[in-house]
């Protein structure tokens, strides 16, 4: 029987001498250093040289402190299921994993059965501490996942299609029968967002404080939750869809449509940034890797595809159908269909996914949504009879950064984080396919010289003259007509260059005219100015 083992670390065995410790710290320091140090030998200014030397020393000290913290203070390291011999990881059951793990981890494996109120959908906060659950029959609740205690539950007495947390656990939004509603942690209704209409799916963009929704009429809306203003309202024109996901890398919202296409949107553009044909049938599920460059799609053509979004190419095609997909923080891909869950893993690191774990629910349960819990090796399952949780070793990031997401934050820390995130809020214009372009200078396009333009025209004319004409029927293949067709082809090639030249001449004459009009002549010379013809 396979057991949970720790993954390969930077150094498996403990160092035996001080030299080994120093070498290991130097190796770890390279990860935190800001490149090679500045060469200060050529500087003549002693004051500047001293200041830069102090800064370089400070960079080295901070990198060494970070390396020491990583070695001695990191509480745990990630681990995966590993087998021996002919054993397979996907044959290991949840009961076997529960017997091997500690008591606190085994408590994260549970089933909540509420058959009268399902099917259920789930959402976690960015820290993984709190979970929001919503039943289709109107049941809403918030659960503290560390204590496994119910904070609040209430019944809205109408259909609930989706639920999503806003910037923290104090506020969440539920897509109800007619409109989405915002509630606080105590279950008090705060806002009714009537502009969104009957919403099918909700997504919240944390860095931009935007709530994105798609309704049953195929309308995509963006609303700023800080000011309440509607940032974008677009008709997709591709029909009703309930497949919606946000790329965590750049904030672009992706929709999967019934024609097999996936469209990518930003709030400042009325047309999609990208429209790609992914499947030969309706798209049933979408998911994005945390690095933003890998997208998984599932279609009704019984195929699961992995896409490289830098080239928009298919990396891998896997057989199977999935109604829900989700990537974990460590890159595991969960696929759910019917009552079966498959978890895929990229073992080699070359974006080549293979089966890692499987789990079968009770026969008759229909899986609605799969969500990995952040910073935990836990997969949350919303299904037709309630919700469940299973253990997936190696799924979550083992060490959290308290400045990014702190599961144990106090109310004071939460307030400080909320203020800091509001000050760092990004405008909607920063949402784009490649956010690394922000802050860069657009290269100046140099105009071609007169000689280069003439050479380009001559090359195009020669190409047009050398093009072979098709042989036509009798009477249409005369030498005169052939010469005329060649002349027309040459004129067609020259036309854009001539039009560009005319436009340039017109713009130059317009500028000269403006400068003439702008110059005020003295009164003694104004009588000599040419008068405009009276209309």
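One is the number of the first residue shown, and numbering goes on along the chain from there.
Glycine is treated like the rest: Cβ placed from N, Cα and C.
Because TrEMBL annotations are produced automatically, they should be read as predictions rather than curated entries.
Noted in TrEMBL for the protein shown:
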| type | residues | note |
| --- | --- | --- |
| REGION | 1-23 | region 'Disordered' |
| REPEAT | 276-317 | repeat 'WD' |
| DOMAIN | 355-435 | domain 'BING4 C-terminal' |
| REGION | 440-535 | region 'Disordered' |
| COMPBIAS | 446-456 | compositional bias 'Basic and acidic residues' |
| COMPBIAS | 466-484 | compositional bias 'Basic residues' |
| COMPBIAS | 485-520 | compositional bias 'Basic and acidic residues' |
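Under DSSP, residues within the compositional bias 'Basic and acidic residues' (446-456) fall into helix, strand and coil as 7 helix, 0 strand, 4 coil.
Per-residue pLDDT, averaged along the repeat 'WD' (276-317), amounts to 94 for this model. Across the domain 'BING4 C-terminal' (355-435), the DSSP tally of helix, strand and coil residues reads 17 helix, 24 strand, 40 coil. The residues of the compositional bias 'Basic and acidic residues' (485-520), classed with DSSP into helix (H, G, I), strand (E, B) and coil, number 34 helix, 0 strand, 2 coil.
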